[in-house]
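Per TrEMBL, these features apply:
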type: TRANSMEM; residues: 26-48; note: transmembrane segment
type: DOMAIN; residues: 41-294; note: domain 'G-protein coupled receptors family 1 profile'
type: TRANSMEM; residues: 60-81; note: transmembrane segment
type: TRANSMEM; residues: 101-120; note: transmembrane segment
type: TRANSMEM; residues: 132-152; note: transmembrane segment
type: TRANSMEM; residues: 205-226; note: transmembrane segment
type: TRANSMEM; residues: 238-258; note: transmembrane segment
type: TRANSMEM; residues: 278-296; note: transmembrane segment
Amino acid sequence: MSAENQSTVIEFILLGFSDNPNIQPWLFQVFLLVYVITLAINILLIVAVRTDNHLHNPMYLFLTNLSFLDICYTSIIVPKMLLNIVLSAKTISYTGCVLQIYFYLFMGETECILLAFMAFDRYVAICNPLRYNVIMNTVSCTRLIGLSWMAGGSIASFDIYLVCQLKFCGHITINHFFCEAPSLLQLSCGDKFVDNTITLVGGSILLLIPLCLILFSYIQIFLIILKLPSGQYKAFSTCTSHLIVVTIYYGTSIFMYMRPRNSDTGVTDKIVVTDKMVSVFYTIVTPMLNPLFYSLRNKDVKKAIGQLGRCTIVLR
């Protein structure tokens, strides 16, 4: 292909995890299982919260939105990845690649902002409980969620505009399991200004700023917990579990999007494998862990799921 810009690119080749035919069935089964579990627990959480009137409050509104984001986020990536595992032609059209990048950036960036607002919600609930219903009422919560979606969509639109300006000069093989911006940027030729701009926008605004807000919120929460006469273990356990998920999500995302990258086209196999493993954590593993750590350990959610299960049995 001798064309000079991205308009001549019809499709990309996704190399996936491995070209070893003996490994493909195992990869398919593992990722399919994780995907089904992710869909099941997130859908179960949304249905349980929506059908229980006692859970119609700001905190659970945040949680159901997080579950919906995780369903969309993982569904943008995993089905196509599973299809490529079983097919010999591991391709994706240029339009499909651009759309995949846009929607996963949209959902991912929205989730980054939403997680920060959720940390702020917990901060108000624990550090200023008497004013919680005033500060974090349903109206303000809905506005924060709407702001998350609008900000995520706006920034993703800017990012995808920059991606569409890339020139590939005949490079169409993406050594990854989906169309991820850094991997696509690695194929680009010409001016690296676009690469640096996307890294700056995505890293500084959508990773560092929300992460700082989350860390500030939880530091304040821990300081309050230390002063409590009782119930410290449960509060510490809850906050620690939240921080574990946040650390996995933000840590792997920062590693992928904010580390210095070689401007040369050559990339070692070790770096490529590392990138793929890191991407698995924030695209596939975290959407499964979020409901487990944020919601399903909550006794009210467990009760709602139990009632939902009993209702299902009765209807049968």
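Placement of Cβ uses the backbone N, Cα and C atoms for every residue, glycine included.
Nobody curates TrEMBL annotations by hand; they come from automatic prediction.
Tertiary proximity for the transmembrane segment (205-226) is limited to same-chain residues at least six positions away from its ends with a CB under 8 Å from its CB atoms, namely 109, 112-113, 115-116, 119-120, 122-123, 126-127, 155, 232, 235-236, 239, 242-243, 246, 250, 253-254, 257-258.
Within the same chain, residues 16, 31, 34-35, 38-39, 42-43, 45-46, 49-50, 92, 96, 100, 103-104, 107-108, 110-111, 114-115, 117-118, 121, 138, 141-142, 145, 148, 177-178, 283-284, 286-288, 290-291, 294-295, 301 sit at least 6 positions outside the transmembrane segment (60-81) and bring their C-beta atoms closer than 8 Å to a C-beta of that stretch. Same-chain neighbours of the transmembrane segment (132-152): 57-58, 61-62, 65, 106-114, 117, 121, 124-125, counting only residues six or more beyond its ends whose CB sits under 8 Å from a CB of the stretch. If you take every residue in the domain 'G-protein coupled receptors family 1 profile' (41-294) and average the pLDDT, you get 84.
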